Every structure is written in C-alpha cells, then in structure tokens.
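Here is the structure we will look at, set down as structure tokens.
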Amino acid sequence: MESVLAAWQVATLGGIVSWIMISSCLNVTQKLRSLLQPWVTHYVIIGTAFILQIQKYQHKFLDSLFSGLSCVVSVPFYTGFLPLVFWSGHVKLARHMTLLMAFCDYLGNTIKDTVSAPRPSCPPVRRVTATKDEKENALEYGLPSSHTLNTVCLAGYLLHYVLSYSQNNYAVTQFAGVALLCLLVGLIAVGLAVLAFWLTVHEYVDNFIISGHNVLSFWSALSFLLLFAYPTPELPTPSFEFHTAFNGVALGIVAGVHLTYYQFHHEAAPVIFSPQLSIPAFVGRILVGMPTILLVKFCSKALAKWIVPVISNTLGIPIKSTSYIPMLNAPVKGKESDKIKQSSYAQKLFFFSGQDIFDVDTGIRFLQYAGLAWSVVDLAPSVFAHLRL
C-alpha cells in the first residue's frame, strides 16, 4: 500500500517537472497567448460600452460593497481572518478555506498571466482603488478575476460546510444559505467549476494531510515546483507574488496541521461559544496569537533574507533582489557578468527558467508566509495550551 502511495506522489511530481520542461522548450505559454489574447482582447473592447452603462448607476454603497468583497483576496484578509477561524475551533473549515484560496490563486493567476489580457481602459472605465491592495490588484491582468474566483469558491465552500456540519440543519437555514450563494453568484457569475472540483476532492486532500505518508516531503517538493510551473506574463505584474505568498501559506498550514492534528486540529477540538472555549478565552487567543504570528512573520523574513542568498551563492545561482535586499540591485559588469552568463545556463538546465538571474524575493516571500502560516496552526495553539486558553 505504501508503495502505491509513493508511486502516485512520484508520478505527480514527475508530471509537473515534465510539464515545466516541455512548456519551456516548446514555448507553450507564448503559443497559447498568441491564440487566446486577441480573442479575449476583442471581447474586452466591445464589452467596455456595457461596463460604462453599468457604471452610470454609481453609488457609494456599491463601491463599498465591492471593495469589501475584494478584501477576500487581500493579504490583510488571510493574515487576520483565517487565524481567527482556526482559533475559533472550526479547524477543518479554516484549513480547507486556506487551501482552496491557494488553489484558486494559482489556477486563476496562471490563466491570467498566460493570456495576459488587458483590463478595460481607465478612463473611460472607472476603477475603485481605495486601498493599497486594490491598487496592486489593478496592476494585474484582467481575466479571470481573482475577486470573482475567490469570492464564489469561498462563499460556496462556507455554505457547504454550514449545511454539512450544522447540528440545526433546518429548511430555513438551507434556504437562506442557498439564497445568499445565489446572490453572490449573480453578482460575479463564475468560479462554480473550481468549487465543484474542490468539493469532489477536498475529503481526499484532508485525509492525506492528516494521515498520509510522506506528507511533508511531498508537499514541500510540490510547493517548490509550483514556483516554477508558472507562466511568464507579457509584462511584469504582482500576480506571481500573490501566488508565491499563498503557496507558502499552504505549505505552512499543511505542515503544522499534519504534525499537530491530534493535539489541536482533531474533530473534537473546542469550538467557540462552547463551555470549553468561551468568549473571554477566544479574545485571549486573539490578544496572544496576533502578536505571536506577526513576530514569526518578521523573524521568518529576516532569516530568509540571510539564508536564501547564501544557499543561492553556494549553488552558483546568480541572484538579484527586486525590493527586499537593495544591495543586490547593483548592476553587474565585466568578469562577474560573464560568470552570471555561464551560471545561467546551469540555472536554465535545472530550473528551466527564462530568467538569467534568480530573484531571491521569491524565496524570501515564500519562506516568510510559510513561517507565518505554521505559527497560526502550530506555535500559537501550543502557546494557547500552555496558557490554558
């Protein structure tokens, strides 16, 4: 049985490596883009008039509503909201919402950067960019919408969880939940295929994380490969940065839950509003947990800023840093440039990357968010147990 389990893991990782090699050698991204981008761009242009008609009904309430919905894919959301779900005792809901967000983010941003379809021109179309996250999201390509995908999938999974695990599963509750989901789907209209797929596989994923073999080694390798199994967009966008962060979060959650499932994340874990987890205790968890995970995030980033360049230099991989390490941004000339050119061949051989220089910000961001997520499900609950919260 164990050999069968190991076989599918090897086959999965081998398939991803093969796809990276084939897509790089055959320029699959460019070929797909040349086929899809003109078609999508055409519909973006002819659909602009319809968007302008909708925007005639401008209202502050609608702006606030959609700004709120956009927070579902923002860094503050999964940094602040998802830990609260974990610490409230709804651990299964929290881990599946996190993994579903990581899946949606990878799938959506992969399609987005493959097609590289422009957003409707602004002006005349008006964009609501009230926050820093909204301004960053506006720099991404437009199809598919990350807000659309995540909102539909998370709302749908939340409804599935409530209807499946609620002890008071009355018809009124079901009707209200379905009505709410229909409202959200009516507002954004896509993402149901991804949700249906996740509802099909989520129990298998959960069983693997809890009691599977080679979980840590397999998921670590998978997370590493997914950093390279990603298309290069026509122009630089923050989409890959978002994918890197969610990818790290998923690894941290999987590692922490796998190692501490029977201590903190089992089905009988105390749930908020129960005698075992009162409101004061939950507030105590927030007051202790938030500073803890933010400290871990800071320390993980500082440690990664030292480790990633050292490892890269040891392996002979030429590096740069877009923002985290300013000293690595200096231009390289002369003999050092020749060394980088020679090293890049090895980099392309092993990583099949189109870049001549590896951006260490990718590794730093990945480790930073992996550490953050691990602290949410492992370190913070350990502190809670010690403090009897």
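From the backbone N, Cα and C atoms, a Cβ is placed for every residue, glycine too.
Whatever TrEMBL says is automated annotation, not expert-curated.
Residues or ranges marked as transmembrane segment in TrEMBL: 6-28, 35-54, 66-87, 175-198, 210-230, 242-264, 276-296. The annotation domain 'Phosphatidic acid phosphatase type 2/haloperoxidase' is assigned in TrEMBL to 97-193.
The list of residues near the transmembrane segment (35-54) in space but at least 6 beyond its ends in sequence, with Cβ under 8 angstroms from a Cβ of it, reads 114-121, 124-125, 142-143, 234. Proximity of distant same-chain residues to the transmembrane segment (242-264), defined by a Cβ-Cβ separation under 8 Å and at least 6 residues beyond the stretch ends, is recorded for 73, 75, 78, 91, 95, 98-99, 101-102, 105-106, 109-110, 146, 209-210, 212, 215-216, 219-220, 223, 226-227, 230, 362, 365-378, 381-382, 385.
Averaged over the domain 'Phosphatidic acid phosphatase type 2/haloperoxidase' (97-193), the predicted model has a pLDDT of 70.
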